[in-house]
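K.L.:
Quick paste from TrEMBL:
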type     : residues : note
ACT_SITE : ASP67    : active site, proton acceptor
ACT_SITE : ASN136   : active site, for ring-opening step
ACT_SITE : HIS138   : active site, proton acceptor
ACT_SITE : GLU143   : active site, for ring-opening step
DOMAIN   : 14-227   : domain 'Glucosamine/galactosamine-6-phosphate isomerase'
Amino acid sequence: MRIIIVKDYDEMSSKAARIISSQVTLNPKSVLGLATGSTPLGTYKELIDLYNKKEIDFGSVKTFNLDEYYGIEKQNEQSYHYFMMNNLFKYINVPLENVNIPNGNAKNIEEECLRYESEIEKEGGVDIQILGIGANGHIGFNEPNVNFETRTHLVTLDERTIEANSRFFKDKESVPKKAISMGIKTIMDSKKILLIASGEGKAEAVEKTIKGKVDPKVPASILQLHKDVTFIIDKAAASKL
Ligand code: F6R
């Protein structure tokens, strides 16, 4: 486990972008695992910047997102499809046929989860998975009291997640109660993991993840068992370490 503590959000974002960019330089056909939420926004801005400076070429890259809300259309502004398109994909040259995000609106969710897993497998697995962390210690939407053995599956969102994500919706009631998420097993199969965390609100989750025991109550704590995981944490998020 590599822990890099940085000054602030901006430094976290530029360091994370540099790591992703090196990955793509070393292997232009890299399979990137991507996250949504506030944490990676700065990283995505930096990546767009590197792309504009011709320092990174996404032309042969494949991407797999961690999760998508259940029962939401791709065009919906709250969907993670919309988020990814408008915060990254439309500004870089990744071919859209190389982009994968679970279809939260699939008729048969079980089939969709299996399909997603087999697409990842077909590409030889994720080379580097970017993760944020929930204040409750979740990764992807693998909520506390997680089963560490799961692959992509339908999850019921934790009350704290609904509360936290309500900032993107008109009210708490509008937040979907379920989502499709890569499971812990899927995440742990990634060759490399890069977890980024910023702000005091994440300090407790970061502390439990890094210093606590591996515990299903803190889903991210399983990362202690991954052989190539890097945490980039700003001072505020590292304040309890
Ligand atoms: C997003 C995801 C979540 C977020 C986490 C932190 O695809 O899977 O685990 O990374 O909820 O969200 P932010 O970054 O908004 O604090």
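Positions of Cβ are set from backbone N, Cα and C atoms, glycine also.
TrEMBL entries are annotated by machine, without manual review.
Remember, predicted model here, so these are calculated numbers, not experimental data.
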K.L.:
Comparing the active-site residues ASP67, HIS138, which residue's C-beta has the most other C-beta atoms within 10 angstroms in this structure?
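P.N.:
Selected residue: HIS138.
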K.L.:
Using the alpha carbons only, what distance in Å do you get between ASN136 (active site, for ring-opening step) and GLU143 (active site, for ring-opening step) once rounded?
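P.N.:
Between the alpha carbons of ASN136 (active site, for ring-opening step) and GLU143 (active site, for ring-opening step) there are 8 Å.
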K.L.:
With respect to ligand 1, which members of the active-site residues ASP67, ASN136, GLU143 satisfy a Cβ distance under 6 angstroms to one of its atoms?
P.N.:
ASP67
K.L.:
Could you state the whole-number distance in Å separating the C-alpha atoms of GLU143 (active site, for ring-opening step) and ASP67 (active site, proton acceptor)?
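P.N.:
So the alpha carbons of GLU143 (active site, for ring-opening step) and ASP67 (active site, proton acceptor) sit roughly 13 Å from each other.
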K.L.:
What does DSSP call ASP67 (active site, proton acceptor) in the simple three-state scheme?
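P.N.:
In three-state terms, ASP67 (active site, proton acceptor) counts as strand.
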K.L.:
Measuring Cα to Cα, how far is HIS138 (active site, proton acceptor) from ASP67 (active site, proton acceptor) in Å?
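P.N.:
Rounded to a whole number, the Cα-Cα distance is 12 Å.
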K.L.:
Around ASN136 (active site, for ring-opening step), how many other C-beta atoms are within 10 angstroms of its C-beta?
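P.N.:
Within a 10 Å radius of the Cβ of ASN136 (active site, for ring-opening step) lie 20 other Cβ atoms.
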